[in-house]
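What TrEMBL records for this protein:
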- 28-47: transmembrane segment (TRANSMEM)
- 68-93: transmembrane segment (TRANSMEM)
- 113-135: transmembrane segment (TRANSMEM)
- 147-172: transmembrane segment (TRANSMEM)
- 187-211: transmembrane segment (TRANSMEM)
- 218-239: transmembrane segment (TRANSMEM)
- 245-265: transmembrane segment (TRANSMEM)
- 286-308: transmembrane segment (TRANSMEM)
- 328-352: transmembrane segment (TRANSMEM)
- 373-393: transmembrane segment (TRANSMEM)
Amino acid sequence: MESGSAKLQFKSWLSQFRNGSNPWMARYVYGFMFLIANLLAWAVRDYGGNVLTEMERLKGCHGVKDCLGAQGVLRVSLACFMFYFTMFLSTAGASKLKEPRDSWQSGWWSAKIVLWVTFIIIPFLLPAAIIQLYGEIAHFGAGYHSILLLIPVFIMVFLLIQLISIISFITWLNDCCQSSKSERCQIHIMLLATTAYVLCLTGIILMYIWYAPEPSCLLNIFFITWTLVLLQLMTSVSLHPKVNAGILTPGLMGLYIVFICWFAIRSEPSGESCNKKAEASNKTDWLTIISFVIAVLAMVIATFSTGIDSKCFQFRKDETESEDDVPYGYGFFHFVFATGAMYFAMLLIGWNTHQSMKKFTIDVGWASTWVRIVNEWIAVCVYLWMLVAPIIWKSRQTAESA
């Protein structure tokens with residue numbers, strides 16, 4: 001009976017997939033296609049050198065391995081970007097089920113597979129100059145000194161969208177916990193918040209031990225100490241009587257910024273005297289491979305979860321939903337994946353087309369470090385603004401009405 005029920009359910013899913021009647025199932029297919037593009041870009045970078053050397057369009061690299069790998073990654077990224085941006089243009093504004101754009105989102109898979117394969121082929125036929133231009137658009141160059149001037153719009157949009165989605169989830173979780181007035185729930189909140197703060201402080205102490213073993217490691221000391229200051233700042237603002245956001249939200253946000261700081265320092269190039277962990281992981285071993293796989297999956301999952309979280313970007317939250325409304329913003333979903341295509345390219349080449357990337361490494365280099373650090377600072381600024389902005393607007397409305 002159970003086997004028959006499973007077969008019936010599988011046939012139902014397959015029928016929905018063929019008929020294009022399940023937009024929730026469609027998002028998993030798009031996510032799987034994005035994962036395939038990530039793995040293809042990695043394979044081209046690490047193992048496609050011999051094939052790429054024979055391609056006439058890549059002769060501008062003169063056989064330089066690093067250049068060939070970066071060019072291959074950028075070509076796959078451009079193909080992925082073109083596909084999802086085409087889907088964004090063709091589904092933007094869809095609001096009701098059963099309309100043509102909804103059918104295109106959930107069906108026509110044969111046509112979309114052909115379209116996807118075509119977009120994969122086209123970038124490998126383009127001259128190296130066009131791919132190099134795409135790379136310049138998708139990243140801000142090798143050096144971090146010009147970061148404030150050359151941060152790419154698309155990458156920053158992706159990071160900002162992901163950031164707001166994470167903060168919205170943390171705020172939602174805090175509101176759900178605080179909505180219950182039972183004493184047992186309040187105890188759970190306190191335990192969760194205490195655990196978050198303990199993990200934050202433990203992470204900061206470990207970063208001091210691992211990445212700032214000597215007083216000469218001034219940059220890492222600054223990164224870690226400033227993270228501790230930001231944690232204290234978020235806690236103070238959240239517990240202010242006028243804000244009263246509770247202790248859980250800053251604790252979870254603290255975990256987030258500590259993780260970003262750790263990721264940023266881990267991205268420092270191997271060979272730096274202050275980054276002993278990078279030196280230890282200089283050789284490709286099973287731990288490096290596992291870390292790489294986790295990093296790729298985490299990026300795909302983060303892109304996927306951000307893409308379906310379009311409601312946190314709605315300006316009007318009070319609009320009533322009807323049964324025939326689309327379950328998520330199709331255009332927003334594909335736009336996030338299009339910007340994510342640029343983002344995974346920058347991670348795989350270390351934000352520098354001329355940088356040597358070892359096998360099974362991702363997001364390594366000084367440019368990667370500074371992108372993470374700036375992202376951490378922006379995260380705190382956005383979080384504090386989301387706390388303070390309602391108070392400022394309310395005080396302005398009160399002043400205008402008086």
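Quick reminder: no glycine exception, Cβ is built from N, Cα and C everywhere.
Most Cβ pairs under 8 Å to the transmembrane segment (187-211), among the stretches 68-93, 113-135, 218-239, 245-265, belong to 245-265. By the Cβ criterion (under 8 Å, sequence separation of 6 or more), the transmembrane segment (28-47) is not in contact with the transmembrane segment (218-239), since fewer than 3 such pairs are found.
Sequence-distant neighbours of the transmembrane segment (218-239) (same chain, 6+ residues past either end, Cβ-Cβ under 8 Å): 200, 204, 207-208, 211-212, 245-247, 249-251, 253-254, 257-258, 261, 264-265, 268, 274-275, 373, 376-377, 380, 383-384, 387-388.
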